[in-house]
Amino acid sequence: MAYVTWLLAILHVHKALCEETLWDTTVRLSETMTLECVYPLTHNLTQVEWTKNTGTKTVSIAVYNPNHNMHIESNYLHRVHFLNSTVGFRNMSLSFYNASEADIGIYSCLFHAFPNGPWEKKIKVVWSDSFEIAAPSDSYLSAEPGQDVTLTCQLPRTWPVQQVIWEKVQPHQVDILASCNLSQETRYTSKYLRQTRSNCSQGSMKSILIIPNAMAADSGLYRCRSEAITGKNKSFVIRLIITDGGTNKHFILPIVGGLVSLLLVILIIIIFILYNRKRRRQVRIPLKEPRDKQSKVATNCRSPTSPIQSTDDEKEDIYVNYPTFSRRPKPRL
């Protein structure tokens, strides 16, 4: 009995640690990075605070209360500012001046609301290149504004899937839209401002993400990550394109670019063929000139007025004219 209690305690601690290390958004480190934090509900907000988890301790960055002035810690006083601290302070996104590697870590944006209670968003800042480069598209989907868009991801069949995560990938950040633990059939509540829906049922062979009433801002890359308990994972990336009244520049541009590249290759091949033909002709002309000169020399040696005699002329009789002398009788003596 004591062993079972001890095992349950370990599992509880492990679950708590996993929940603590989970973050809602991953942001690429840059000098002027912005950590987005917008409260999505309409409850009465009383206070908001920003903190950073260094791994060993939690450091306070700023605290804002509508009944008091904004308080920013001395270490961050001239390094951060709030983009929108208007009345209601629902958008408390934190922007940095000249951020450096020292700012890498996990940040917490905590809203205190009444009567709903605390609402927290965790943001992880990492050193990385553009996230879109690391997530090339596997499929394309086009839709019109106002439609309910359904993204589908086929799950692996060769190994058991424990968790499925849907993310929206942007160049500067990656947001978790939905997360489902298939073994426990538990869902993750997304802190992303855009509300989405997804399925979460054990034994399902595919995962879907529904984006209601799609708009132009929903265009972009969506990644479906399947993870096993052993750490094995697989990703599937879909590029969603919300058309603007029927024309889609984002979809047309790659096609036009491909056609232009194809025409350019064809033009280069044609120029190469024509160049080779011209070069061959230039090589043949000097070879013909000696033959022409020989024929001209042979022609000049012949008399222009003497025609070529035929074989019949060679067989004709030849007559010679001899002079005739008169025979006078010798005088008789």
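Every residue, even glycine, has its Cβ placed from backbone N, Cα and C.
Annotation comment: Swiss-Prot describes 1-18 as signal peptide.
Positions annotated as disulfide bond by Swiss-Prot: Cys37-Cys109 (among others). Within the same chain, the residues at least 6 positions away from Cys109 (disulfide bond) whose Cβ sits under 8 Å from its Cβ are Leu35, Cys37, Val48, Glu49, Trp50, Met92, Leu94, Glu120, Lys121, Lys122, Ile123, listed in sequence order.
Averaged over the domain 'Ig-like C2-type 2' (136-237), the predicted model has a pLDDT of 91. Annotated domain 'Ig-like C2-type 2' per Swiss-Prot: 136-237, in sequence order.
DSSP gives Cys153 (disulfide bond) a strand state. In sequence order, Val164, Trp166, Lys206, Ser207, Ile208, Leu209, Cys224, Ser226, Phe236, Ile238 make up the list of same-chain residues 6 or more apart from Cys153 (disulfide bond) whose Cβ falls under 8 Å from its Cβ. Marked as disulfide bond by Swiss-Prot: Cys153-Cys224 (among others).
Per Swiss-Prot, the feature disulfide bond maps to Cys180-Cys200 (among others). Cβ-based neighbour count (10 Å, all protein chains) for Cys180 (disulfide bond) stands at 23. Cys180 (disulfide bond) falls within a strand segment according to DSSP.
The topological domain 'Cytoplasmic' annotation in Swiss-Prot covers 276-333 and rests on sequence analysis.
The phosphoserine annotation in Swiss-Prot covers Ser326.
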Disulfide-bonded residues considered: Cys200, Cys224; fewest surrounding Cβ atoms within 10 Å belongs to Cys200
Packing count at Cys37 (disulfide bond) (other Cβ atoms within 10 Å of its Cβ)
26
What DSSP reports for the domain 'Ig-like C2-type 2' (136-237) is 3 helix, 50 strand, 49 coil
According to DSSP, collapsed to three classes, what secondary structure does Cys37 (disulfide bond) have?
coil
